[in-house]
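*Asks:* Quick one: the structure is below, questions incoming.
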Amino acid sequence: MTDNRDLHDNYTANTTMALDIITVSKLVSNCIWRFVPPVLFVLGTFGNLLSIYVLNRSDKTSTLINLSALAVCDLFALYSGLGREWIIHVFKYDIRDFSDVFCKLHFYSVTFSLQFSSWILVAITIERVISVQRPHMAKLECTKMFALTVLCTESLVLLVLDGHLLYGFSLTHNNATTFSNGSANESNYSLKLKCQPSQVNEQYARFVYYVWTWIDFGVAFLLPFVILLTCNVLIVVNIKQSQRFQRVATSKNARTSLNSQKPVLSLTAILLTLNSVFFICVGPANIFLIGQFYWWPYDVSNEYDEAIMELVWAVVGILMYSNNAVNFILYIFCGSQFRAEVKCLLLKICGKSTRILPRRRQFACHALTINISYKQTSSC
């Protein structure tokens, strides 16, 4: 009798703890999705638009074309992907459930934009390797037309690769089980239209969950990761060799060559930082997306597992979309030319608004632009 009572007490304690974990997990994940996205929207919109403007002030090179395309792609991914998650948790409505056509197009476009963002970064990195290792040939090989051709080729391949999503995803009735105390209640079902792989073709649903996730993982992260890592090693080795040569060189021609390499080193610093942030931000989300159907099978679920899965996805999802919002910060911190262009822009705005702005705002403008050197001011 005592043993049964102890078992009952242990069961009650475990159930209470599980319910507490479920409540806390759902509360934390809901707070993350409600309050973090607006910050990323403001940061990403301002930063990416500023990047597009600043990058297009100079003569368009192949690198600047790719960086501008990356900013546009980041904006689209931010609003289409992160915007959907924010609407779900604030307004309790999934925009994919609006119509069958919208379900197909939205899933297709979000998948494409996240993949395309990775491959734009690959194109920029390969171009930097060519510029660092063969600077004289880079002017002939890395042209604006070549950059546009690469971007069009990458986008066409990804659009074709993801084309099956337009066929396979649709609004279908979903049997949503109501759970109570971590166990399924088989008597309560609610029919709901949900954007998901077609339930008519069960083989396609399993293909999406257990095959396509691996393909998407390879295309969106693993293959770009391998290429970026290899290219980064080549860039770092080449920079080390260049620095060793610069220590030995003492002639005037060598110093002139050093000054001419500053823009290349600035772009290289931006690129190395972009790649590092890509590894940190995009990796966890892709690992989660490929593993969730093994850790939490779609046909075997309970409320505890769903709460934990929602919390993990909130953390790695926000981390992934942060990559689309913070690139301009990396430009500012790592790119001297980008900083100079931003300072010139601030100086131009403050100079035109001197007669309109009150004294406090004039002082703020002066504080923002006071660090601009005479040379930068004259170049503005």
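Note that Cβ sites are derived from N, Cα and C of the backbone, with glycine treated the same way.
Curation plays no part in TrEMBL annotations; they are all automatic predictions.
Got these off TrEMBL a minute ago, pasting:
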{"type": "TRANSMEM", "residues": "35-55", "note": "transmembrane segment"}
{"type": "DOMAIN", "residues": "47-331", "note": "domain 'G-protein coupled receptors family 1 profile'"}
{"type": "TRANSMEM", "residues": "67-87", "note": "transmembrane segment"}
{"type": "TRANSMEM", "residues": "107-126", "note": "transmembrane segment"}
{"type": "TRANSMEM", "residues": "146-167", "note": "transmembrane segment"}
{"type": "TRANSMEM", "residues": "211-237", "note": "transmembrane segment"}
{"type": "TRANSMEM", "residues": "264-291", "note": "transmembrane segment"}
{"type": "TRANSMEM", "residues": "311-333", "note": "transmembrane segment"}
*Asks:* Under 8 Å between C-beta atoms and at least six residues away from its ends: which parts of the chain pack against the transmembrane segment (67-87)?
*Replies:* 33-34, 37-38, 40-41, 44-45, 48-49, 51-52, 55-56, 93-96, 106, 109-110, 113-114, 116-117, 120-121, 124, 151, 317, 321, 323-325, 327-328
*Asks:* Does the chain bring the transmembrane segment (35-55) near the transmembrane segment (211-237), so that three or more CB pairs sit under 8 Å (pairs 6 or more apart in sequence)?
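*Replies:* Contact between the transmembrane segment (211-237) and the transmembrane segment (35-55): absent, because fewer than 3 Cβ pairs are under 8 Å.
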